[in-house]
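Here the structure is laid out as structure tokens; the discussion comes afterwards.
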Amino acid sequence: MVRAKWKMVVSLILFMVSPGDGLFHAVYRSILVSQSFKGDAGQPLFLSPYIKNGKIKEGQRKSMVSPFPGMNDKSYAGYITVNQTYNSNLFFWFFPARMQPEDAPVVLWLQGGPGGSSMFGLFVEHGPYIITSNMTVVARDFPWTFTLSMLYIDNPVGTGFSFTDHFQGYATSEDDVAQDLYSALIQFFTLFPEYAKNDFYVTGESYAGKYVPALAHYIHSLNPVRKFKIRLKGIAIGDAYTDPESIIGGYAAFLYEIGLLDEQQQKYFQKQCSKCVKYIKEQEWMKAFEILDKLLDGDVTTGSSFFQNVTGCTNYYNILQCTEPKEQSYFAKFLTLPQVRQAIHVGNQNFSDGAEVEKHLREDTVKSVKPWLSEIMNYYKVLIYNGQLDIIVAAALTERSLMAMDWKGSRAYRRARRKVWKIFKSDNEVAGYVRRVGKFHQVIVRGGGHILPYDQPMRSFDMINRFIYDRGWEPYNS
């Protein structure tokens, strides 16, 4: 039944596109890629020299990834140098859309963290592959790569396979993050000029709620004055940690209302959150970070966080799960296989858990990028989505942030009524809820948590395609 409906979605989209460490680091910190492996992993492929010297065809040919057994997806991978002084390099893995790649939008995916590898998004959420416990590669039923050309980048420098040779090569602000990503994108579209004419979207989840607006703002600012213009059409952010102040201020009440805190625990949590917000207002960034870390994450705190102690759970990504699903970490072992490393051109380069990235971005953890998001909402298509079951950036906390934003549609947004969203008219199940004002779409997806495409792959697939291809939110005929 599900496959039949999936075929219906695909057929509709075929017609549609035919011509005419921080706060959210725990899930990534638990994914450890061993640096010990046997066999020939090949050599890292650095593509910037090919780009600089105009050897485009050779660079494309060298970056092509050998297909995995049973798979036939075309893809390209390698390193782009974004700072020669510090030898800072960003790793990318690019999948042209299976369907009409010559016209399909190019979608950049950025994982959160800070320090979470976008390989998590590729293997766990919406890439073409799923890794099983015995290291078998199987095809995903609802890959975003079916209709979209997906560009996965390990970001910032020092995340996953991305690396730098100097401590000054690490980002310490969102400006640094955006600058490195912009450099990578300009080089990427030079290496793959056939995709430079296509619409471009910046997407991500969680802490990427900072990266995405930062990069979009950077592109928006530079496009008018640069010869090469990136065809930015919009952004999409899942469970967006964009404005920490408004989110943190709502934690205690939300956790109490869903039964994870009792009355006394709520009072303590609220007191600490209020203190954290006070420090944010005073720009005492490290003091605010330390309070938040002790309350929620426990990355630099000795022992468990307050949240972990009182709930008994390490997983704050889905209210129905107390620990992280084991299958979310299978890809880590896969990335140690020498034949895989050789195929994606990383050689014996270490895979970082992002701890050093988080260290350099600690002050950034509690800073807001709300002005940049407001700017983007004034000019481009924007999708902000939440999983109904998320805890750490819950739908209610996102709405708390959105209600506090000032953009040209803010008044209309506050008055707008949300509508029920179903994928098919015959569905008994509701996929979620949508509130739309102009080019802005806010979506809550039922039955999913923070790692939404993992929990609800079909609904996520439908959502991203409705948004990017402007299909609206009316249900399809069965």
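Each Cβ is built from the backbone N, Cα and C atoms, and glycine gets one as well.
When Cβ atoms from all protein chains are considered, those within 10 Å of S206 (active site) total 30, not counting its own. Residues or ranges marked as active site by Swiss-Prot: S206 (among others).
In sequence order, D239, Y317, N318, I319, G448, G449, H450, L452 constitute the residues six or more apart from D390 (active site) in its chain with CB-CB distances below 8 Å. A coil conformation is recorded for D390 (active site) in the three-state DSSP classification, outside any helix or strand. Look at Swiss-Prot and you will find D390 (among others) tagged as active site, backed by sequence analysis.
DSSP assigns H450 (active site) to coil, not to a helix or a strand. Other Cβ atoms within 10 Å of the Cβ of H450 (active site) number 26 in total over all chains. Residues or ranges marked as active site by Swiss-Prot: H450 (among others).
Long-range Cβ contacts of N83 (N-linked glycosylation site) within its own chain (separation 6+, distance under 8 Å): V157, T164, G169, D180, S183. Look at Swiss-Prot and you will find N83 (among others) tagged as N-linked glycosylation site, backed by sequence analysis.
What Swiss-Prot records for N134 (among others) is N-linked glycosylation site. Neighbour count (other Cβ atoms within 10 Å of the Cβ, all protein chains): 6 for N134 (N-linked glycosylation site).
As annotated by Swiss-Prot, N-linked glycosylation site applies to N309 (among others). A helical conformation is recorded for N309 (N-linked glycosylation site) in the three-state DSSP classification. The Cβ neighbour count for N309 (N-linked glycosylation site), using a 10 Å radius and every protein chain shown, is 11.
What Swiss-Prot records for N350 (among others) is N-linked glycosylation site. The secondary structure of N350 (N-linked glycosylation site), as reduced to three states from DSSP, is coil rather than helix or strand.
As annotated by Swiss-Prot, signal peptide applies to 1-22, with the evidence given as sequence analysis.
The Cα of N309 (N-linked glycosylation site) lies closest to that of S206, out of the recorded positions N134, S206, N350. Counting in whole angstrom, N134 (N-linked glycosylation site) lies 23 from N350 (N-linked glycosylation site) by their C-alpha atoms.
In the structure as shown, the Cβ atom of N350 (N-linked glycosylation site) sits within 10 Å of 11 other Cβ atoms. You'll find the Cα of S206 (active site) roughly 25 Å from the Cα of N350 (N-linked glycosylation site).
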